[in-house]
Structures are given as structure tokens and as C-alpha cells.
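Peer 1: I am attaching a structure below and will ask some questions about it afterwards.
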Amino acid sequence: MKLLIVAVGQRVPDWAQTAYDDYAKRFPPELKVELKAVKTEPRGSKTLETLYAAERERIEAAIPRGTRVVVLDERGTSLTTKALAQRLKDWQLGGDDVALVIGGPDGLEPAFRQAAHERIRLSDLTLPHAMVRVLLIEQLYRAWSVNAGHPYHRE
């Protein structure tokens, strides 16, 4: 199974990339994690609908057919660590690859959010995109460690 993190926005600070890379290399071979950064649409004088449409096109191009789509959304379901671990286990048992989508500065197109298989949120707080990448991969690693009985997560 593969976890694909699709993030709108390409540049993140070095510290965020270093932290992301550190967690990404911890995953076992049977649970591959891949990051695909997609370009943010330049604002200019474009309408929000135009920005959403351009970013949606790039996001969809980055996600292979048959992949389960999970969007990170402030209105999504809040999960505990144990609940995320169970969700990860369910995804693995389902056998499909999973794409976790992080929207750009304006979020994700409402129709794309609604069409996703699932909507989850990491926090009630508004977080910078670089931080979201790091928090997401850390929480996915933590969920894996719970399921694997690895000592990373402690009760």
C-alpha cells in the first residue's frame, strides 16, 4: 500500500522539509509514503473559482485512478491517535492506495472536498502549510507505530 501526500504549494522552509524527510524514511517498505507537491495557481486578478479549478486539475493529475482520496479540511472529522491508527489499518486492509490532500492558501474547491472519500482535520487551529506536512506525516507514522506495536507511541 502507498500513502500519497498531495500538497498544493511547492516551497517549504528547509526545517519543514528536513522534518518531513525524517519521518518519511521511518516507514516500513510495505507502507510507502510519497509526497507530490502541486503548483499553487498564481492569484493575479483571477476569481476564486478559477484558482480552485486550476488547482483541482493539478491535484487530480497527481492522483492515480483507483486511489482513495482523503482531504484535510477544517470541517472534516476530528480523529484521535487511536482512531487514525484504526483508519490506517482499515485502509491497509482495503488494499487501495490512499491520497491525503492538503489544499493551498485558499483551501480546496468545495466540490472536490465533497467528492472525496473522506474528510479529516488535524486540528481546530489554522496551521501553516509547511507545518501541516510535518504534522500529517508524523501522525501517520504514529498511527503506524500504534498498529505495529512499535514503542514510538506511548499511552
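Using the three backbone atoms N, Cα and C, a Cβ is placed for every residue, glycine included.
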Peer 1: Since Swiss-Prot lists L72, L122, S123, D124, L125, T126, L127 for S-adenosyl-L-methionine, which candidate among G66, G103, G104 does it give for that site as well?
Peer 2: G103
Peer 1: Looking at Cβ-Cβ distances, which residues of the chain lie under 8 angstroms from G103 (S-adenosyl-L-methionine binding site) while being 6 or more apart from it?
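Peer 2: In sequence order, the residues whose Cβ lies under 8 Å from that of G103 (S-adenosyl-L-methionine binding site) (at least 6 apart) are V8, E55, V71, L72, D73.
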Peer 1: State which of the following binding-site residues has the fewest other Cβ atoms within 10 Å around its Cβ: S123, T126.
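Peer 2: Each of the binding-site residues S123, T126 was scored by Cβ atoms within 10 Å; lowest is T126.
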Peer 1: What's the most sparsely packed of the binding-site residues L72, L122, L125, L127, counting other C-beta atoms within 10 A?
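Peer 2: Candidates: the binding-site residues L72, L122, L125, L127. Fewest Cβ atoms within 10 Å: L125.
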